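**Student:** Dumping the structure here so I can ask a few things about it.
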Amino acid sequence: MSTFQAIFLGILQGLGEFLPISSSAHLIIFPWLFGWKEHSLVFDVALHLGTLLAVLVYFWRDYIEIIVKGITQPKSDQGKLLWFIIVATIPGAGFGYFFENIVENVFRKQYLLIAVVLAVFGFILYYVDKTAKNKFTLSNMNILQAGLIGILQAFALFPGISRSGITMTTGLLLGLKKEAAAKFSFLMSAPIILGAGVVSLLKNIHDVSSQFSSFAIGFFTSAIVGFLAIHFLLDIVRKSGFKIFAYYRFLLAALILVVFLLRI
């Protein structure tokens, strides 16, 4: 893998992990568009660990307060968030553990299917953004809502859906304000990324030394871009919502269709 490819894929992961555009779809589609070889599993781990670092650094004060108050003051607003995050993590972690390899094998080269998923979820994102009644902050959230967000997060395994996209959309449907839905999506991302990253890293630890250069480049690029993506999304959500990401999904789906037809 060239340095350019490692940087480019790191940028895609950093953006796609936190913007509702599906990082997994981008990491499949763009190498296909450019005719690149499929990247290794250990490089994929590096990209995800980079975005984990991004969210931990961006929200480090929140995480410390959530953990401390979750233990010492579990009924406080911040204390409840710890248990909401735990509950929301369980369904996705379980689904990922049992079905991740199956989903990856089914979707790996199904470019048209990914295009369809991108477009369909784009319509859902647009509709929910336009019609949802955003009344509540995270302090109004309850554990059943957290559980529902977690259950639907499991579907993010399918390339084109987007973990951040489906969790934010579910939050909006449940009445959360846009910024609150985005923040909860980011906060609950750390455990699921950490769990998946550690499991994959342990399985492929022997490959790290031979691919250390691309591993390091992908890690730091996705971390830096991921940090900026979090800030960008929170800012754009305050101003204009999620519609811009729906439009992007439509354009990418159309591009995939055109390229696929030209290559027949």
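Think of each number as a place in line: the chain as shown, counted from 1.
Including glycine, each Cβ sits where the backbone N, Cα and C put it.
What Swiss-Prot shows for this protein is this:
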type	residues	note
TRANSMEM	14-34	transmembrane segment
TRANSMEM	40-60	transmembrane segment
TRANSMEM	79-99	transmembrane segment
TRANSMEM	112-132	transmembrane segment
TRANSMEM	141-161	transmembrane segment
TRANSMEM	182-202	transmembrane segment
TRANSMEM	214-234	transmembrane segment
TRANSMEM	242-262	transmembrane segment
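I'd like these features described in context: how deep, what's nearby, how far apart.
**Tutor:** Non-local neighbours of the transmembrane segment (40-60) in the same chain are 1, 6, 9-10, 13-14, 17-18, 23, 27, 186-187, 189-190, 193-194, 196-197, 200-201, 203-204, 207-208, 211, 214-216, 218-227, 229-231; each lies 6+ residues outside the stretch with a CB under 8 Å from one of its CB atoms.
Remote same-chain partners of the transmembrane segment (182-202), defined as residues 6 or more beyond its termini with a Cβ less than 8 Å from a stretch Cβ, comprise 17-18, 41-42, 44-45, 48-49, 51-52, 55-56, 58-59, 62-63, 66, 81, 84-86, 88-89, 92-93, 96-97, 100, 138, 141, 149-150, 153, 163-164, 167-168, 171, 176, 208, 230, 233-234, 237.
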**Student:** Does the transmembrane segment (79-99) make contact with the transmembrane segment (141-161) through 3 or more Cβ pairs under 8 Å, each pair 6 or more apart in sequence?
**Tutor:** yes
**Student:** Could you check if the transmembrane segment (141-161) is in contact with the transmembrane segment (112-132), meaning 3+ Cβ pairs under 8 Å among residue pairs at least 6 apart in sequence?
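**Tutor:** When sequence-distant Cβ pairs are counted, the transmembrane segment (112-132) touches the transmembrane segment (141-161), since at least 3 lie under 8 Å.
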**Student:** Looking only at residues six or more beyond either end of the transmembrane segment (14-34), which have a C-beta under 8 A from one in the stretch?
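**Tutor:** For the transmembrane segment (14-34), the nonlocal Cβ contacts are 8, 44, 47-48, 50-51, 54-55, 107-109, 111, 114, 117-118, 121, 125, 159-165, 168-169, 186, 189, 193, 221-230, 232-233, 242, 245, 248-249, 252, 255-256, 259.
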**Student:** Given a Cβ distance threshold of under 8 angstroms, which distant residues of the chain, six or more beyond its ends, lie next to the transmembrane segment (214-234)?
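**Tutor:** Counting only partners 6 or more residues beyond its ends, the transmembrane segment (214-234) has Cβ contacts under 8 Å with 1, 3, 5-7, 9-11, 13-15, 17-19, 42-43, 45-51, 53-55, 57-58, 164, 179, 182-183, 186, 208.
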